[in-house]
Structures are given as C-alpha cells and as structure tokens.
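Colleague: Submitted below is the structure of interest, expressed as structure tokens.
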Amino acid sequence: MASEKPIVVVTCTAPVNIAVVKYWGKRDEELILPINSSLSVTLHQDQLKTTTTAAISRDFTEDRIWLNGREEDMGHPRLQACLREIRRLARKRRSDGHEDPLPLSLSYKVHVASENNFPTAAGLASSAAGYACLAYTLARVYGVDSDLSEVARRGSGSACRSLYGGFVEWQMGERPDGKDSVACQVAPESHWPELRVLILVVSAERKPMGSTAGMQTSVETSALLKFRAEALVPPRMAEMTRCIRERNFQAFGQLTMKDSNQFHATCLDTFPPISYLSDTSRRIIQLVHRFNAHHGQTKVAYTFDAGPNAVVFTLDDTVAEFVAAVRHSFPPESNGDKFLKGLPVEPVLLSDELKAVLGMDPVPGSIRYIIATQVGPGPQVLDDPGAHLLGPDGLPKPAA
C-alpha cells in the first residue's frame, strides 16, 4: 500500500495490575465511575504485559482492531469511547495552540493490533492492561500528553491503574463528570524490592459471568456492597497506603486477604449469588492460612479477582518454600518443568513438620502453572521497529 504521507506507527507495552483494595461497582455505567476508591500493585512486564501497535494513514478507509491475531468489532462501545476521548484531547491540544508533533489529520483512520502474553479473560486482568496500553499508544500517536486516566477508564475501570508502575490508587472522585476520578501513584516500583508475586493459574477458561455484568447485579442487589463502599473502604485505603509506605508485610498481607474475602462475600450477597472461586481456589486459601499458622506470622497473602486464579504476595525469602508447598499440595500432572514460569525459583525440600501442618490430600493437576513475578513499571514505548505488530501496509504481521 503506497502511502503519499509516511505512516505513523507507535508500539507500546502496558502492565497488569492486581487490586489489594478491590473495585467492584459503578455509580455511572457510561463514564465508568466507581462506587469506591481502590488500590493496586502493578506487576512486572517481563512476565505479564499487553503489547499494542497503533498506526494512522490517509490510506486507511476505516478504524480497525486485531486482538491476539483476530480482527474484532471496532464498533464496541468501550473501544469507541476510548478513541473518541483521545481524538477529543488531540483536537483540544491543537486548538489550545500547541504545535502538533505529528502533522497529521485527525480524520485519518487508525489500525490497532494488540496481544497479551497471558490468557485473555481468565481473571488475569487482561482488559486493564489492554485498555491502558490502547490509551497510552493512541496518546503517543496523536501527541496527547495530558492525564490518560479518563481515556483508559472509559475502556475498563481498572485500566487507569495500569497507567503507572509500583503501587497505584484509583481515587473514586466526587464530580458527576468524573474529572476527579483519576489514578495516581502511591509508591514507585523501586519502593519495596523484596516483594514478590505468584500467580496460581487454576483455569485459563473464560469465566461464567464477566465483571461488568457481575458488578452491575451486585450494585443493584447487595446491601453489603453498599455498606462496604461507604463505611469500610475509606479507612482501608488509608491503612493499606500506610502498610505499603512502611513496607509492613504482615499488615499488608492480612488486609489484602481480608479485602479479597470481603469482595467475594459481596458477590455471594448479590442476588442471584455470584461465585468466582472454585474448589481449588478455596484449597489455596486453606493452604495459605495453614502455611502462615505454621510460621506463626503472615508470610504469604492471597487475593482473588473475579475469577478462580490466586495472586499470592510474599517476600523474596519465602518464595521457594511456598512454591514447594504448592507443588506438594497441587502436584503438576505431567508438565513438571513447565509448572513454574517467570522469575527463577530455587527448589527446596519441605520440612516434615510443614507437610503435616498442610495435611491436605494432594490434588494433582488442579493448578495448571505458577507465574513468579514482582512489582514493575508503568507503560513503555518500544523504539525498535521490529517490535511493531502491524506491517508497512497497516495490517498485522504474519505470525513468526
């Protein structure tokens, strides 16, 4: 496709974030404004990331998007909301007299290709990374340098938290137009270098009820959710921020587990009830509490989003022993060498005392694999043209 003007192509990556004070429920469905503030940990992109390439050209006849190699409907309302918002900000920037770094017409159509290096829609916060990456990449294409919380949030609420590294707060805000519902960093990724994150992948299948439908039903039917948002979350946000600033793992871990349990309690309080946890999820919860009881302190902490996969926080000196405990209780059926992905973990032998305390009959194959990772940075621009997911013709490159 010979183009009269050079095509503008930008590729970026964005991280997954895991909430330790959960967001569940919107007060405005269209603007995606939450009923409570939330706080999350950004995971490292070496293990989990979305990569997005956006290109604009006068030769494109329509906006198009490909996710993990498959073309999707660009008419999806949330995709449209993101695009509209970015183009509005670009027009505003231009009308404010800023010099346009890329002399291009806002009427040009955009092609977007995006891929995750982890299962989509399996409770690994893929939409958060995806929409954060989309917002960040489109902003680079259109020369927008303002806060992108609103753009990302219009795609997926928790996406605004993936715009920053480290520890991130999404302030619920009070304004009806949502201008004060923004994400901000509580502490950078360098703040707590010993913190480690283990993702226990129970299922890579799509969940039975998506988050959007689930939280809408909860807002309509759960009195517990309303009480949580109004009375319990504000002091929890302050306490969680303090735990992080002081690097107090015991308090951080306990509050993380309590908040996860309370979130799932609001799901059960929803009518009809929603259950995102599986039998394996509940066994992991039991394993964590027995492991901590054996040590007489909180050394590991679980949290579950709207899905059965566990995210476990711990410190680097505990990772090896806890991974061994998981292997003992949930032995891999066959793929022993592929059971652990991500950061290397030295194998260790469990003490007989700990095995006795765990006291669970092993359930082979119920955990598919573990991803070992750590706290990481926010979105990144990839300067290497070889990283582009779109070819010179503006279409996805063939899979290597």
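Any Cβ shown, glycine's included, is placed from N, Cα and C.
Found this in Swiss-Prot, in case it helps:
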- Ala2: N-acetylalanine (MOD_RES)
- Tyr23, Trp24, Gly25, Lys26, Arg78, Ser156, Gly157, Ser158, Ala159, Cys160, Arg161, Thr212: (R)-5-diphosphomevalonate binding site (BINDING)
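Describe the structural surroundings of these features, if you would.
Modeller: In the structure as shown, the Cβ atom of Arg78 ((R)-5-diphosphomevalonate binding site) sits within 10 Å of 16 other Cβ atoms.
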Colleague: Of the residues named as (R)-5-diphosphomevalonate binders, Tyr23, Trp24, Gly25, Lys26, Arg78, Ser156, Gly157, Ser158, Ala159, Cys160, Arg161, Thr212, how far apart in Å are the Cα atoms of the most distant pair?
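Modeller: Pairwise Cα check on Tyr23, Trp24, Gly25, Lys26, Arg78, Ser156, Gly157, Ser158, Ala159, Cys160, Arg161, Thr212 gives a maximum of 18 Å.
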Colleague: Name the residues of the same chain, 6+ apart in sequence, whose Cβ is under 8 Å from the Cβ of Tyr23 ((R)-5-diphosphomevalonate binding site)?
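Modeller: Spatial neighbours, sequence-distant, of Tyr23 ((R)-5-diphosphomevalonate binding site): Pro34, Asn36, Ser38, Gly157, Ser158, Trp170.
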Colleague: Looking at the binding-site residues Gly25, Gly157, which sits with the largest number of other Cβ atoms within 10 Å of its Cβ?
Modeller: Gly157
Colleague: Taking the Cβ of Arg161 ((R)-5-diphosphomevalonate binding site) as reference, which residues of that chain separated by at least 6 in sequence fall under 8 Å from it?
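Modeller: In sequence order, Asn17, Ala19, Ser38, Ser40, Thr42, Ala128, Ala132, Val168, Glu169, Trp170, Ala183 meet the Cβ cut-off.
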